[in-house]
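Pulled from Swiss-Prot:
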type	residues	note
MOD_RES	Met1	N-acetylmethionine
MOD_RES	Lys5	N6-succinyllysine
REGION	20-69	region 'Disordered'
COMPBIAS	47-56	compositional bias 'Polar residues'
MOD_RES	Ser49	phosphoserine
MOD_RES	Ser61	phosphoserine
MOD_RES	Ser90	phosphoserine
Amino acid sequence: MMGSKMASASRVVQVVKPHTPLIRFPDRRDNPKPNVSEALRSAGLPSHSSVISQHSKGSKSPDLLMYQGPPDTAEIIKTLPQKYRRKLVSQEEMEFIQRGGPE
């Protein structure tokens, strides 16, 4: 019993160093927030209204609306195996959803 008390009394207490993050992020308060439309134009993506206007004009590419995003994302989706792809929604199911359920 006496030996364990002596061992614990002779232990050295270590000082814990304060945490210093390895990743430095820029100060967000200094940077003004860009307008959403400006950010889309600078990224080269079509704005939401232009996609809608293309669809209303009868565009021949329904895949454009289905796979919105960068072109590489659309290519990845096309190469996915069938079990990982989104199930297509039938016209009847779309109408059911638009109605809000059974009549």
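Numbers run from 1 along the shown chain.
Heads up, the Cβ atoms here are built off N, Cα and C, so glycines get one too.
Here the Cβ of Ser90 (phosphoserine) has 9 other Cβ atoms within 10 Å, regardless of which shown protein chain they belong to. DSSP assigns Ser90 (phosphoserine) to coil in the three-state reduction, outside any helix or strand.
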